[in-house]
Amino acid sequence: MQSLQVLAIVALVVATIIAIVVWTIVFIEYRKILRQRKIDRLINRITERAEDSGNESDGDQEELSALVERGHLAPWDVDDL
């Protein structure tokens, strides 16, 4: 009976560790999805303003650049194909 209790405790600890790892991965992916939605909204806002006024919004581009942690980024201009 003693070994069965030890086995149950070990199984519970392993299950807890697996649950923590899985929920950590889920949380990281959720944050990525939220960040991508924010980037998509900024891109849409930049393109709408560019269509309306003939030029792009510098503030939105700076915010988008800060989100993707790169320099000037224009994802709609793809010349690397």
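Backbone N, Cα and C atoms are what each Cβ position is placed from, and that goes for glycine too.
Per Swiss-Prot, the feature topological domain 'Extracellular' maps to 1-7. Marked as transmembrane segment by Swiss-Prot: 8-28. Under the heading topological domain 'Cytoplasmic', Swiss-Prot lists 29-81, citing sequence analysis as support. The region 'Disordered' feature in Swiss-Prot is assigned to 50-81. The phosphoserine feature in Swiss-Prot is assigned to SER53, SER57; the stated evidence is sequence analysis. For 53-63, the entry in Swiss-Prot reads compositional bias 'Acidic residues'.
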Summed over the topological domain 'Extracellular' (1-7), the DSSP helix, strand and coil counts are 6 helix, 0 strand, 1 coil
Averaging the pLDDT values of the topological domain 'Extracellular' (1-7) gives 90
Tertiary contacts of the topological domain 'Extracellular' (1-7), defined by C-beta under 8 angstroms and 6+ residue spacing from its ends, are none
